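What Swiss-Prot says about this one:
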- 1-18: topological domain 'Cytoplasmic' (TOPO_DOM)
- 40-883: topological domain 'Lumenal' (TOPO_DOM)
- 49-82: region 'Disordered' (REGION)
- 65-77: compositional bias 'Pro residues' (COMPBIAS)
- ASN233: N-linked glycosylation site (CARBOHYD)
- ASN350: N-linked glycosylation site (CARBOHYD)
- ASN400: N-linked glycosylation site (CARBOHYD)
- LYS613, THR614, GLY615, THR616, THR617, SER711, LYS832, GLY833, ARG834, ARG835, TYR836: 3'-phosphoadenylyl sulfate binding site (BINDING)
- ASN666: N-linked glycosylation site (CARBOHYD)
- ASN726: N-linked glycosylation site (CARBOHYD)
- ASN802: N-linked glycosylation site (CARBOHYD)
- CYS817-CYS827: disulfide bond (DISULFID)
Amino acid sequence: MLQLWKVVRPARQLELHRLILLLIGFSLVSMGFLAYYVSTSPKAKEPLPLPLGDCSSSGAAGPGPARPPVPPRPQRPPETTRTEPVVLVFVESAYSQLGQEIVAILESSRFRYSTELAPGRGDMPTLTDHTHGRYVLVIYENLLKYVNLDAWSRELLDRYCVEYGVGIIGFFRAREHSLLSAQLKGFPLFLHSNLGLRDYQVNPSAPLLHLTRPSRLEPGPLPGDDWTIFQSNHSTYEPVLIASHRPAELSMPGPVLRRARLPTVVQDLGLHDGIQRVLFGHGLSFWLHKLVFVDAVAYLTGKRLCLDLDRYILVDIDDIFVGKEGTRMKVADVEALLTTQNKLRTLVPNFTFNLGFSGKFYHTGTEEEDAGDDMLLKHRREFWWFPHMWSHMQPHLFHNRSVLADQMRLNKQFALEHGIPTDLGYAVAPHHSGVYPIHSQLYEAWKSVWGIQVTSTEEYPHLRPARYRRGFIHNGIMVLPRQTCGLFTHTIFYNEYPGGSRELDRSIRGGELFLTVLLNPISVFMTHLSNYGNDRLGLYTFESLVRFLQCWTRLRLQTLPPVPLAQKYFELFPQERSPLWQNPCDDKRHKDIWSKEKTCDRLPKFLIVGPQKTGTTAIHFFLSLHPAVTSSFPSPSTFEEIQFFNGPNYHKGIDWYMDFFPVPSNASTDFLFEKSATYFDSEVVPRRGAALLPRAKIITVLINPADRAYSWYQHQRAHGDPIALNYTFYQVISASSQAPLLLRSLQNRCLVPGYYSTHLQRWLTYYPSGQLLIMDGQELRVNPAASMEIIQKFLGITPFLNYTRTLRFDEDKGFWCQGLEGGKTRCLGRSKGRRYPDMDMESRLFLTDFFRNHNLELSKLLSRLGQPAPLWLREELQHSSVG
């Protein structure tokens, strides 16, 4: 029996162990199923957030008896014909927060400005050009820097402001060591600092109010404890924003703290010293100060720098039918969408949600979500619709236009089968792929399949900062800047909003979203399907935003369909019609949505920019002899030169441009370049060139501008120009402003490229001097080997080519050519090195006098750049001084 127990006991222990392991395994599997269920099941909805209510519900009337409105005092406008519409901003440093906030608002409003470090003794910048004022408004980041100017600078600035009707905006930021109470030096105005305030209100009597709507009292504390309020008995000061002290301040001494009305912003009407000012007792971190600041700029500039009251908003809902289960819209969500749209139409005329669809994903949600899809289609006539891609694929991944067009046709067929109206002429690419950087196949397919006239993107010229986003037109399609609103595919629950729900509310109530509408006349907002299911944050956001805007501003909100909206945009900003192409490889986001079949290695490393008739073709020829240097392919339409940056070719895009260059075998050692001699004197080329090729080297060749003018005239005669054939050179260069148009056109092409200093200054505005090589064309003609040595060193080309052995002077041609075996040479075409009669003395004397000042400015410029003046320039200046 004992032996049997010894055998059975281990067996029973083994079964017990197995049972325990089985229970543990079952528990783990159960927990796994539970975790999967919890993660994939829809979350239990908390009560949906309610949008902002009517203005009338936001607090009671302000403290004290209401003041009757005061008739606005007459405003002295700036001398509009005598001042430039430019704001002069004095900042504490290039990195000060308030200074950056001031500049950001000016940039967002598209106002021109100039920043200067707040001057020390005698450092006031030049304020006038002869009798013309340079600035229409002066802003001081630190008011005390203005108040404490030395007597000479203060008198200079104040006299300028009085004479030209220029106003001043100043900010007073209290510090820890600031006096709690003090009189502002030289003004009948007292400051009380380092206060905690609450319950703010706009004074309806303030004359500067334009965008700002006078409000009822808004209860609640103002951020921070470093506020400054203003007190004065002088009639020149009118409160703009008013607050009251916090209860904790009641026990503090001083009669001002027991007053109910404490101005944080005051308007100086100019009755004290003839200068109008607006003074802020805090920075711009408080949202209402930003709003009043915009009004102050408008008022003090006589509305020369003023934002119109009209605002156009379009709300796109991307990814209709797209989205994983549990995040899509259901029937109740669609009903809420319709209800909110109708409510918004009472506040924003013609407001309509704009729905972008990808038909492939129709009915791919849960049963409830599929019913939501059907509900959207049932009410399809209530919305506007635009196409995404059929399968939500990014267009830049399609390298074949026909395949891309086939995807679009699938989406179009889906729309036809379900009765979706698609006649808006608008489309949006998933992830904005192919819109910018340009994917030409997308634009062509859009036009052929859908007849698209308008699209939008957040990527031009870059995503951040948003205030720099702009529109452009390419291939007949208008591209509008698209704005984000803080809602993305993953932001679907109010209490899980990144940074907390207060972050979303802060954006709506005076933050980024509010400022987007305030500072942009046209806003196209990107939202997503998932923002209208779940907690319906899209509905909450835009209803709250519209109501808040109507509470605090006088903006006239309205909606237009995409095509008239785009037409309106380019009426307002015609200068944006032409794009500014940039290097896609300089922006990671751009590179991610750019075809992998394209490479920035095909962009040139240097440009030969001219001017014409100075020897640039010879340099092009000599450089092409170098094994590490490769020129662009010749253009069949523009005299072999590409002429991309200065003409209609620019609008064909960078794909067209790069097709003129081979893919280098070694991008680090191979040098691609192009020569277009018309670039030098073009007003647009330096900016365009620097945008696309910011690191490119620039080579220019200068000869005596009189000789260049004569050479161009002879060039035109050789090509049969009837004006050059029928007029002498002297008649051309001395023609009056009343001369025939074609004669004056030839005159300009002879003379204007010779304004060397003017054109070089333009290039130096966009390129650092270290990237610009100014060659002596006369030296190039006499000693090309030495000139080519300079160029090779400038470019950093290896291996170094000895042009003394490579080039040979051709006696018959009268020019330097490539030396070949057997004493032969290979030279430029017969049109180069052409001989013609010497210039007549009358023309020579005329041009010497005509170019005297231009040559003098060139000499000064070369001296500043540390470059020696060429021999021809020294000779010209000597002759001019002798004459």
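Placement of Cβ uses the backbone N, Cα and C atoms for every residue, glycine included.
Projection of Swiss-Prot feature records onto the structure.
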| residue | record | DSSP class |
| --- | --- | --- |
| ASN233 | N-linked glycosylation site | coil |
| ASN400 | N-linked glycosylation site | coil |
| LYS613 | 3'-phosphoadenylyl sulfate binding site | coil |
| ASN726 | N-linked glycosylation site | helix |
| ASN802 | N-linked glycosylation site | coil |
| CYS817 | disulfide bond | strand |
| CYS827 | disulfide bond | coil |
| TYR836 | 3'-phosphoadenylyl sulfate binding site | coil |
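Cα of LYS613 (3'-phosphoadenylyl sulfate binding site) to Cα of CYS817 (disulfide bond): a span of 17 Å.
Checking each of the recorded positions ASN400, ASN802, CYS817 against THR617 (3'-phosphoadenylyl sulfate binding site) by C-alpha distance, the shortest gap belongs to CYS817. The separation of CYS817 (disulfide bond) from ASN802 (N-linked glycosylation site), Cα to Cα, is 14 Å. The Cβ of TYR836 (3'-phosphoadenylyl sulfate binding site) lies under 8 Å from the Cβ of GLN714, each on the same chain and at least six residues away in sequence. This prediction places the mean pLDDT of the topological domain 'Cytoplasmic' (1-18) at 53. Recorded residues ASN350 (N-linked glycosylation site) and CYS827 (disulfide bond) have their alpha carbons 70 Å apart, per Cα-Cα distance. With respect to their backbone Cα atoms, CYS827 (disulfide bond) and GLY615 (3'-phosphoadenylyl sulfate binding site) stand 14 Å from each other. Recorded residues GLY615 (3'-phosphoadenylyl sulfate binding site) and ASN726 (N-linked glycosylation site) have their alpha carbons 27 Å apart, per Cα-Cα distance. Across the fold, the C-alpha of ASN666 (N-linked glycosylation site) and the C-alpha of ASN400 (N-linked glycosylation site) stand 28 Å from each other. For the disulfide-bonded residues CYS817, CYS827, counting C-beta atoms within 10 A of each C-beta gives the highest total at CYS817.
Annotation for the glycosylation sites ASN666, ASN802: lowest Cβ count within 10 Å of the residue's own Cβ, ASN666. Scoring each of the recorded positions (ASN350, ASN400, THR617, ASN726) by how many neighbouring Cβ atoms lie within 10 Å, the top position goes to THR617. One residue stands out among the recorded positions ASN233, LYS613, GLY615 for having the most other Cβ atoms within 10 Å of its Cβ: GLY615. The glycosylation sites shown are ASN233, ASN400, ASN726; of these, the one with its CA atom nearest the CA of CYS817 (disulfide bond) is ASN726. Distance from the CA of ASN726 (N-linked glycosylation site) to the CA of ASN400 (N-linked glycosylation site) is 53 Å. Taking only the Cα positions, the spacing between ASN726 (N-linked glycosylation site) and ASN233 (N-linked glycosylation site) is 79 angstrom.
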